[in-house]
Structure formats: C-alpha cells, structure tokens
C-alpha cells in the first residue's frame with residue numbers, strides 16, 4: 001500500500017505544479033538559465049527581436065565610424081561655412097547613435113527601468129536629431145540667399161536649446177507619473193493594483209504619443225524650412241537642402257505609419273504584444289534614414305572646396321622652383337638659337353661657355369629675343385639705324401697676301417663707315433646689300 005501511495009504522489013506532482021514547469025521552459029534559441037526579461041533577444045520563434053538587434057548593431061557600428069570620419073576630416077575642410085556646421089552634425093550623429101541603442105530597450109521585455117528609458121529617451125533622442133535639422137535648415141536659408149550664414153556656435157546653440165525644451169517636457173512628465181503612482185512595479189513588469197495607469201509601463205499608447213507633440217513640431221518645422229533653400233540665389237547650397245528635405249519626408253512617412261499602428265492597429269486586432277516591435281522597428285528605420293539620406297551625403301560633401309577657392313587655385317597654381325622648371329625655361333629660350341654656320345668670327349672672349357644658371361635669380365624668367373647679324377641684314381634700312389647695319393666686304397679692306405685671309409668685322413665696319421660718309425652723286429642714300437663673300 002505504501003508503494004502505491006508513493007507512486008500516485010509522483011505522478012500527481014506535475015498536475016499540482018504546472019506553473020513551475022512553465023517558468024523553466026525557455027523559447028528555442030535561449031538558455032534555460034537566461035532571465036525571461038531577455039528572451040526576445042534570442043527567441044527564434046519570434047524573429048523580430050533578433051532582426052531588430054542585428055539591424056541596430058550594424059547601425060551602431062556605422063554611426064560610430066561616420067563620427068570618427070567627420071571629426072578626422074576637420075583639418076581638411078577648406079570651406080569655413082561648412083566647417084561651422086561640423087559641431088551640429090556631430091551632435092546629430094550622437095542622437096542617431098542613441099536611437100540605435102534604444103532599440104535594445106524596446107526588444108527587452110517591459111520592466112521599470114526599460115519602460116522609463118523608453119518614455120524619456122524616445123522623445124529626447126528624436127528631439128536632438130530634428131533640432132539639428134532645424135538649425136541646419138536655418139543656416140541654409142541664409143547661405144542660399146547671402147552665401148554667408150550664422151557662426152558655428154550660434155547654430156549649435158539653437159540646436160541645443162531646442163533639445164532642452166523636450167528634455168524639460170519629458171522630465172516633468174516622467175516625474176509626475178512616477179510620484180503620483182509611487183512607481184510600484186513587479187520585477188516582471190506586472191503593475192500592482194495601487195499603481196495602475198501611473199507607472200511608466202502602464203502609460204496608455206495614446207498618452208505616449210501625445211507626449212511627443214513637440215518632437216512632431218520640430219519635424220514639421222524642418223520639413224517646411226527645407227523648401228525655401230531650393231529657391232536661393234546661390235545654387236551650390238541647394239543640394240544640402242535636398243538632403244534635409246528627403247530625410248524629413250521619409251521620417252514623416254515613418255512616423256505616420258508607426259503612430260497609426262501603435263495607437264489604432266494593435267488595439268483593433270487585439271495584439272498588444274506588437275507594441276514593442278512597433279517601437280523597435282520605428283527607431284531602427286528612422287535612424288537608418290538619418291544615416292543614409294543625411295549623414296553619408298553630408299560627410300561626402302564636407303571636404304569639397306567652394307567654387308571661389310577652386311577659381312583661385314586655377315588662377316594662381318602652385319609652382320615649384322627646381323631643376324625641371326629651369327630646363328623648361330631654357331628650352332623655351334632655345335627657339336631663337338643663332339645659326340653659327342653663317343655668322344662671322346667673333347672675339348674669343350665672346351665664345352666662353354655661359355652657365356644656364358648664371359642669370360637665374362629665383363624669379364620667373366622670360367624669353368628675350370636677340371637677333372643675329374643675318375637677321376639684322378634682312379630687316380631692311382627702314383627698321384633700324386644705319387650705324388647698326390653690317391657693312392659689305394670690299395677688296396680694299398683686306399690685303400690678299402696676308403697670312404689671315406678671314407675678313408674681320410672691325411675692318412668691314414670701318415670701310416662701311418667711310419662709304420656712308422661719302423654720299424652718292426645723286427644726293428640720295430641707297431643701301432645695296434651684296435654678298436660679302438663675292439669680291440667687287
């Protein structure tokens with residue numbers, strides 16, 4: 001009899017403790033020792049958690065790399081107007097990084113800390129991003145009309161002040177909510193009877209959306225402010241306005257979809273379990289919109305010089321002084337080389353080799369035309385004075401029996417001067433150029 005009673009008690013234990021077995025049952029992909037709070041991070045049956053954290057992890061890495069690139073490109077930014085926006089853009093990247101991190105708080109099951117972080121950081125992080133867009137749009141409206149905008153610290157201060165407004169709103173809302181209900185929440189997120197509708201996890205979906213009205217106002221301001229930038233006089237700033245406009249249009253579409261789903265769709269289909277996936281997907285989608293349509297295009301444009309700087313670079317190119325430059329200038333001067341085959345003998349002192357660097361003083365050299373004797377002879381009498389025209393050779397200027405039979409330029413010049421001093425009989429000066437190597 002005792003054996004039968006013991007057997008019945010062992011078989012009846014599972015019937016009396018079904019809750020204990022249910023608590024030890026872990027979803028596929030999760031360890032039995034894992035806290036049930038983190039089951040969505042590894043649950044393969046509901047893949048939305050794994051996909052969301054994978055997308056958020058890739059976004060965190062991408063945003064971190066883009067932040068490093070933007071900060072490292074600061075010394076290479078030549079346009080001072082773009083450099084003044086770097087502080088605001090880094091602030092925008094920090095807000096985007098926070099949105100990717102907040103995705104994990106939405107994947108984890110509701111708890112007092114996770115619910116409080118969602119309620120507070122959701123609006124603050126979006127306010128950071130949209131405030132930076134509003135400040136950028138404000139600067140672009142000045143740049144497209146005057147090609148000169150506010151200082152960098154002014155733009156950053158505008159973005160910071162707009163963000164502080166949302167910080168104050170969320171802080172007051174969260175404090176009032178917690179103090180009024182005492183914040184009594186069970187470890188698994190089950191709200192006690194004394195704190196119903198007063199804890200962060202017990203806030204209605206409609207109330208959560210209503211607390212984001214200021215953030216929606218910032219988004220609408222950035223969207224409307226981006227349109228005038230497309231009509232400015234300075235067209236090179238229009239593409240930045242297009243980046244902001246495209247980002248805000250997609251963000252508005254994302255916000256409309258998730259708000260409708262969060263406040264109306266889930267209640268109509270009686271699926272409150274889709275509240276967390278809705279927030280996680282909205283965060284990841286909007287953060288990637290910021291990265292793809294605003295951050296990456298702005299980073300690619302930040303180091304490009306302004307048209308004024310490009311024009312100055314073309315007008316005043318950098319020119320180095322070196323051996324190659326001297327050779328090019330000497331080559332340019334060699335186009336007027338004297339033909340030595342038809343030149344007369346010159347004194348030996350004139351034939352000394354001259355260094356190509358003797359006349360170089362560090363400045364740009366110019367080619368100087370030095371005509372030869374043959375060129376002067378072919379110019380004619382009307383182009384120069386009579387005393388520079390080379391004389392013709394005569395039989396009286398040189399003794400045929402001398403040892404040196406070469407005509408010297410000095411003797412020819414003396415004979416020619418004598419002939420010029422004796423005018424012709426008709427009283428006119430006539431210049432007859434004869435071959436100096438043919439005797440009269």
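The backbone N, Cα and C atoms fix where each Cβ goes, and this holds for glycine too.
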Between the candidate ranges 85-105, 316-336, where does Swiss-Prot place the transmembrane segment annotation? 85-105
Tell me whether residue 113 and residue 268 fall on the same side of the membrane, as recorded in Swiss-Prot. yes
Among 195, 358, 402, 430, which is the one flagged in Swiss-Prot as phosphoserine? 402
Looking at Swiss-Prot, which of 190, 404 is flagged as N-linked glycosylation site? 190
Residue among 113, 300, 405 with Swiss-Prot annotation phosphoserine is 405
The residue range that Swiss-Prot labels transmembrane segment, out of 27-47, 279-299, is 279-299
Same-chain residues at least 6 beyond the ends of the transmembrane segment (120-140) whose Cβ lies under 8 Å from its Cβ atoms: 84-85, 88-89, 91-92, 94-96, 98-99, 102, 105, 149-150, 155-156, 158-160, 162-163, 165-167, 169-171, 174, 211-212, 214-215, 218-219, 221-222, 225-226, 229, 237, 240-241, 244, 247-248, 279, 283, 286, 290, 294
For the topological domain 'Cytoplasmic' (229-240), residues assigned helix / strand / coil by DSSP: 9 helix, 0 strand, 3 coil
So if I exclude everything within five residues of the ends of the topological domain 'Cytoplasmic' (71-84), which remaining residues of that chain have a CB under 8 angstroms from its CBs? That is, six or more out. 90, 139, 143, 147-152, 155, 299, 301-306, 309
List, by number or range, the same-chain residues at least 6 past the transmembrane segment (156-176) whose CB is under 8 A from its CB atoms? 87-88, 91, 116, 119-120, 123-124, 127-128, 131-132, 134-135, 138, 200, 211, 214-215, 218
For the topological domain 'Cytoplasmic' (229-240), give me same-chain residues lying six or more residues beyond its boundaries with a C-beta closer than 8 angstroms to one of its C-beta atoms, as numbers and ranges. 136-137, 140-141, 143-145, 147, 297-298, 301, 306-307
Remote residues contacting the transmembrane segment (279-299) - C-beta distance under 8 A, at least 6 residues beyond either end: 48-49, 52, 55-56, 59, 62-63, 66, 69-70, 73, 89, 92-93, 96, 99-100, 102-103, 106-107, 118, 122, 126, 129, 133, 239-240, 243-244, 246-247, 250-251, 254-255, 257-258, 262
